[in-house]
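**Q** Quick one: structure below, then a few questions.
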Amino acid sequence: MTKTKTPGFWAVIPAAGVGRRMGADRPKQYLPLAGRTVLEHTLDIFFRHPRISGVVLVISADDGWFKDLDIKANKPLWVVDGGTERCHSVLNGLGVLMNHVDSQDWVLVHDAARPCLSDEDLDHLLDTLHNDPVGGILATPVRDTKKRAGPDGRIAATVDRGAMWRAFTPQMFRLGALEQALAQALAEDFLVTDEASAMEHAGQAPLLVEGSARNIKITQPEDLSLAAFYLSRQQTTGH
Ligand SMILES: Nc1ccn([C@@H]2O[C@H](COP(=O)(O)OP(=O)(O)OP(=O)(O)O)[C@@H](O)[C@H]2O)c(=O)n1
Ligand SMILES: C[C@](O)(CO)[C@H](O)COP(=O)(O)O
């Protein structure tokens with residue numbers, strides 16, 4: 001009886017952004033956070049997790065910061081050039097994986113700017129999706145009432161929040177299916193802001209996997225102190 005290969009789980013970390021909204025003296029993934037840089041915290045999540053087979057890091061072609069990091073990769077690490085938008089960077093990362101691993105393996109795309117992802121949420125995502133026919137994303141239900149703004153800056157409408165969720169990362173799909181869906185979306189100039197949008201565009205319905213709201217994306221200066229709090233809490237309580 002032929003032994004079926006257990007699919008691997010590979011991380012793609014888009015880290016080629018400039019951090020315009022942060023307005024710092026360097027790209028936000030290289031800002032100091034809890035004794036390291038944002039990117040080092042994020043990479044460590046996947047380096048230390050035993051179920052992650054390897055990592056593809058996507059950095060800007062003119063990145064001058066990565067070489068100075070203290071990176072100890074204990075599993076395969078590929079470093080590739082990013083692109084104009086996040087979706088282009090992700091596709092570049094998927095392209096490298098397609099040359100090295102089985103297209104039926106799982107890929108987890110996770111923003112470098114999300115260093116507070118917990119091991120508990122990562123395990124929950126892997127456990128929930130490893131046999132799923134489509135894949136899915138970490139997300140959390142919207143808690144606040146949502147308002148649509150009019151051109152005058154006034155409330156144009158209140159949006160029903162009943163079924164609204166906030167998409168996080170990792171976003172986890174079969175490598176071949178995601179690469180094909182993302183390439184097709186970009187070929188149609190459909191510049192998606194997350195991987196699930198490309199899968200939806202291809203007619204799939206990814207699963208929403210509830211995760212902790214601590215999985216913030218560091219975007220503006222105020223996010224750094226919140227991230228530092230979450231990371232310090234994780235070190236003392238383990239979650
Ligand atoms: N061309 C790009 C743009 C973004 N990213 C990455 O995608 C993640 C989420 O993007 P975002 O938070 O928008 O980061 P930036 O694009 O750097 O932020 P800004 O929009 O404020 O410039 C980040 O880890 C960022 O480094 C990327 O790899 N390639
Ligand atoms: C992928 C993402 O983090 C899910 O919420 C988000 O879409 C990234 O958007 P950004 O504008 O590239 O930060």
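The backbone N, Cα and C atoms fix where each Cβ goes, and this holds for glycine too.
As listed in TrEMBL for this protein:
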- Arg21: site 'Transition state stabilizer' (SITE)
- Lys28: site 'Transition state stabilizer' (SITE)
- Arg161: site 'Positions MEP for the nucleophilic attack' (SITE)
- Lys217: site 'Positions MEP for the nucleophilic attack' (SITE)
**Q** Restricting to the recorded sites Lys28, Arg161, Lys217, which ones have a CA within 10 Å of the CA of Arg21 (site 'Transition state stabilizer')?
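**A** Among Lys28, Arg161, Lys217, the ones whose Cα sits within 10 Å of that of Arg21 (site 'Transition state stabilizer') are Lys28.
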**Q** Highest Cβ count within 10 Å among the recorded sites Arg21, Arg161, Lys217: which residue is it?
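**A** Comparing the recorded sites Arg21, Arg161, Lys217, the most crowded Cβ belongs to Lys217.
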**Q** Work out how many Å separate Lys28 (site 'Transition state stabilizer') and Lys217 (site 'Positions MEP for the nucleophilic attack') at their Cα atoms, rounded off.
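**A** Approximately 11 Å lies between the Cα of Lys28 (site 'Transition state stabilizer') and that of Lys217 (site 'Positions MEP for the nucleophilic attack').
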**Q** Taking only the Cα atoms, work out how far Lys217 (site 'Positions MEP for the nucleophilic attack') lies from Arg161 (site 'Positions MEP for the nucleophilic attack'), in Å, as a whole number.
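**A** So the Cα of Arg161 (site 'Positions MEP for the nucleophilic attack') lies 21 Å away from that of Lys217 (site 'Positions MEP for the nucleophilic attack').
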**Q** From the recorded sites listed here (Lys28, Arg161, Lys217), select those whose CB sits under 6 A from an atom of ligand 2.
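**A** Only Lys217 qualify.
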**Q** Determine the Cβ neighbour count for Lys28 (site 'Transition state stabilizer'): the number of other Cβ atoms within 10 Å of its Cβ.
**A** 27
